[in-house]
Amino acid sequence: MKDLVRKLHKERRLEACEYRSLLLCEDRETIESLHEAARETAVERFGKNIYIRGLIEITNICRNDCLYCGIRKSNGNISRYMLSDEEILECCRYGYGLGFRTFVLQGGELPESADSKTVTLCRAIHGEFPDCAITLSIGERFPDSYRRFREAGATRYLLRHETHNPEHYSRLHPEGMTIGNRLHCLDILKEYGYQTGTGIMVGSPFQSADNIVEDIIYIEKFRPEMIGLGPFIPHKDTVFADYWKTTTSILPEKSHKEEGLDLTLKLISVFRLMLPDSLIPATTALATLVPDGHEKGILAGANVIMPNLSPPRVRGNYSLYDNKASSGAEAAEGLGNLKVQLERIGYNIVTDRGDFRTT
Ligand code: 5AD
């Protein structure tokens with residue numbers, strides 16, 4: 001097994017069956033050697049520096065009805081909000097003062113009619129903070145909308161493909177949403193010059209080890225600049241509310257939670273070894289699953305953290321999954337705590353933009 005880690009480290013890729021073996025591997029020493037190789041690769045490339053991105057959850061209004069997501073349109077149990085441009089700019093001003101030089105605007109999918117508002121918002125942020133990067137994470141749009149956002153100053157876009165397998169995709173999404181369109185959006189984003197992020201939920205309902213292997217192979221081909229990997233966590237107002245209680249996990253003898261952690265960390269390491277220059281966050285979902293999720297993610301090869309910069313009053317309503325962390329070291333105002341957490345494992349926060357660069 002350790003030979004697989006060495007091979008991945010050296011050749012930056014494996015055969016499908018080899019990825020599968022690594023994902024299913026339960027040997028502690030092999031898993032530790034995978035994380036160690038990935039960690040060393042990240043340190044060679046970035047030093048012990050962690051980039052921070054201020055995450056602003058601009059709206060929880062969504063036209064989509066993804067079966068796993070707490071802000072799906074059919075969830076009547078949350079109060080819907082949309083931040084005004086001025087409120088968003090206030091978040092940016094506050095974040096700028098704390099040292100943030102990237103603002104990630106994330107939100108539910110709004111109708112096309114909202115695109116002009118997004119353009120105005122990007123222009124306003126770009127005008128006031130010309131030294132900052134604007135990252136959008138607002139779902140599937142028309143190519144022309146992506147083009148307009150880009151011209152208005154957005155340079156990065158996050159759109160997880162969630163799962164590459166069409167059948168699996170259709171079990172997680174409502175009719176009308178297709179993996180084909182998702183991948184088309186990703187191709188367009190890349191073509192329009194965005195630094196593009198994709199990724200998956202790990203341990204999502206009905207996911208098999210083979211599905212994850214397909215995701216790895218897709219990402220190997222697509223070569224995104226950013227890779228988002230977070231464990232699936234049930235949300236009480238979705239059809240998957242009891243998923244953890246009523247199903248068994250992929251890895252024998254592991255609970256869903258343990259499996260989500262194990263597989264997420266393995267995938268962070270696999271992608272660090274495959275794409276050494278990529279930007280990989282230790283995600284909020286990982287930090288929600290276990291209290292030391294950030295540290296574990298970084299020690300497996302992650303190099304980005306995205307603290308929450310949203311106004312505290314709306315954070316509870318941006319509930320993608322149950323108990324989503326948004327305070328303490330997860331919050332922008334808790335940056336001091338995060339700094340201490342990272343220093344304990346020998347890492348520092350850096351405040352430069354941290355654009356994707358190849359060595
Ligand atoms: N558990 C974990 N992650 C989730 N997301 C949405 N719902 C959940 C959930 N229940 C993730 C999706 C989406 C990102 C913004 O949040 O992967 O792309």
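Glycine is no exception: its Cβ is also placed from the backbone N, Cα and C atoms.
Record features, source TrEMBL:
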{"type": "DOMAIN", "residues": "48-277", "note": "domain 'Radical SAM core'"}
{"type": "BINDING", "residues": "C62, C66, C69", "note": "[4Fe-4S] cluster binding site"}
{"type": "BINDING", "residues": "S137", "note": "(3R)-3-methyl-D-ornithine binding site"}
{"type": "BINDING", "residues": "E162, R182", "note": "S-adenosyl-L-methionine binding site"}
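Feature map: TrEMBL annotations on the structure.
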{"residue": "C62", "record": "[4Fe-4S] cluster binding site", "DSSP (3 states)": "coil"}
{"residue": "C69", "record": "[4Fe-4S] cluster binding site", "DSSP (3 states)": "coil"}
{"residue": "S137", "record": "(3R)-3-methyl-D-ornithine binding site", "DSSP (3 states)": "strand"}
{"residue": "E162", "record": "S-adenosyl-L-methionine binding site", "DSSP (3 states)": "strand"}
{"residue": "R182", "record": "S-adenosyl-L-methionine binding site", "DSSP (3 states)": "helix"}
Among C62, C66, R182, the binding-site residues whose C-beta sits under 6 Å from ligand 1: none
Other CB atoms, at most 10 A from the CB of R182 (S-adenosyl-L-methionine binding site): 20
Integer Cα-Cα distance in angstrom, C62 ([4Fe-4S] cluster binding site) to E162 (S-adenosyl-L-methionine binding site): 17
Spatially closest candidate among S137, E162, R182, the listed binding-site residues, to C66 ([4Fe-4S] cluster binding site) (Cα to Cα): E162
Other residues, Cβ within 8 Å of C62, C66, C69 Cβ centroid ([4Fe-4S] cluster site): N64, D65, Y68, G70, I71, R72, K73, G108, E109, L320
Separation of alpha carbons, C69 ([4Fe-4S] cluster binding site) and S137 ((3R)-3-methyl-D-ornithine binding site) (Å): 15
All-chain count of other Cβ atoms within 10 Å of C66 ([4Fe-4S] cluster binding site): 20
Neighbour count (Cβ, 10 Å) for C69 ([4Fe-4S] cluster binding site): 22
Cβ-Cβ distance under 8 Å to E162 (S-adenosyl-L-methionine binding site), same chain, at least six residues away: Y169, L172, H173, R182, I200, M201, S204
Other C-beta atoms that fall within 10 angstroms of the C-beta of C62 ([4Fe-4S] cluster binding site): 20
